[in-house]
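Visitor: One structure is given below, represented as structure tokens, and several questions about it will come after.
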Amino acid sequence: MTRRKLVAGNWKMHGMRADLVEVEAIAAAAAAHRQIDVVLALPATLIGPAAAYAGPLAIGGQDCHANPKGAHTGCLSAAMLHEAGASVVIVGHSERRADQNETSQDAWAKAEAARAAGLRVILCCGETEAERDAGRAERVVQAQIEKSVPEDANGDWFTLAYEPRWAIGTGRTPTPEEIASIHAIARAKMRQLVGDAAGGIRILYGGSVTGDNAASILATPEVDGALVGGASLTAAKFVPIIEAAAAV
Ligand SMILES: O=C(CO)COP(=O)(O)O
């Protein structure tokens, strides 16, 4: 099954209104490469202003609450993100697992809530360095998928992102062979859970993707795109990754 490449940027806790010029330039690159999908997951404060002119660039949130509303000070529901202009949301990012003690079950509930509100979902998984060193990377990722991937997931609304924690913001990446191997294992696990629909679900690689390594990572078997942190913050760094995906 052919799957369109997807390049997603995650601005994390970066970005002020002055940075909307970068969003505008990235949106222009997305418009110039419509054969792929491009997403920018922005701080909630920038979703509305960015969505107003993003065009083919899909604007996303970085988290949502699992409940549709309620007494949850400081939290945002999926419907709020949707109303602000987001069409997609990241759930289960390793920084939220580390900083907010989120679990794979939380990611599952957030994915369900996002879908119910009309958002597409990018759900993250990935092992720590200690888990990889102990030879447990595959089992950790399989367990995360088993607990977090909704049983009705399909490629229309659901994307998986494999982000080994030790590769995030470190400049270190797994080899293409290691990435291909984990992605194949992830897809096999999803096939057990959702059947043939797994063939349509994109699996992104994330962790220290840059303009320099994007072409080789994006050409790796089983890699359907990239989830990019630091190198998505400026058009100068992110557009070469979009171009690399469009050229695969
Ligand atoms: O966490 C990431 C994207 O969600 C990856 O971050 P970096 O690209 O900065 O390593």
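Positions of Cβ are set from backbone N, Cα and C atoms, glycine also.
Annotations per TrEMBL:
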type	residues	note
ACT_SITE	His93	active site, electrophile
ACT_SITE	Glu163	active site, proton acceptor
BINDING	Asn10, Trp11, Lys12, Gly169, Ser208, Gly229, Gly230	substrate binding site
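What's the neighbourhood like for each of these?
Guide: In the three-state DSSP scheme, His93 (active site, electrophile) falls into the coil class. Listed in sequence order, Asn10, Gln62, Asp63, Cys124, Glu163 are the same-chain residues at least 6 apart in sequence whose CB falls under 8 Å from the CB of His93 (active site, electrophile).
Classification of Glu163 (active site, proton acceptor) by DSSP places it in coil, neither helical nor stranded. With a 10 A radius on its CB, Glu163 (active site, proton acceptor) counts 24 other CB atoms from all the protein chains.
Within its own chain, Trp11 (substrate binding site) has Leu40, Ala41, Leu42, Pro43, Leu46, Gln62, Ser232, Leu233 as residues 6 or more apart in sequence whose C-beta sits under 8 angstroms from its own. According to DSSP, Trp11 (substrate binding site) is assigned to coil rather than to any helix or strand.
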Visitor: Just how many other Cβ atoms lie inside 10 Å of the Cβ on Ser208 (substrate binding site)?
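Guide: Within a 10 Å radius of the Cβ of Ser208 (substrate binding site) lie 22 other Cβ atoms.
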Visitor: Name the residues of the same chain, 6+ apart in sequence, whose Cβ is under 8 Å from the Cβ of Gly169 (substrate binding site)?
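Guide: Spatial neighbours, sequence-distant, of Gly169 (substrate binding site): Ser208, Gly229, Gly230.
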Visitor: Max Cα distance spanning Asn10, Trp11, Lys12, Gly169, Ser208, Gly229, Gly230 (substrate binders), Å?
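Guide: The two farthest binding residues have Cα atoms 14 Å apart.
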Visitor: Please list the binding-site residues from Asn10, Trp11, Lys12, Ser208, Gly230 whose Cβ falls under 6 Å of any atom in ligand 1.
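Guide: Passing the 6 Å Cβ check against ligand 1: Asn10, Ser208, Gly230.
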Visitor: Return the count of C-beta atoms lying within 10 angstroms of the C-beta of Gly229 (substrate binding site), excluding that atom itself.
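Guide: For Gly229 (substrate binding site), the count of other Cβ atoms within 10 Å is 21.
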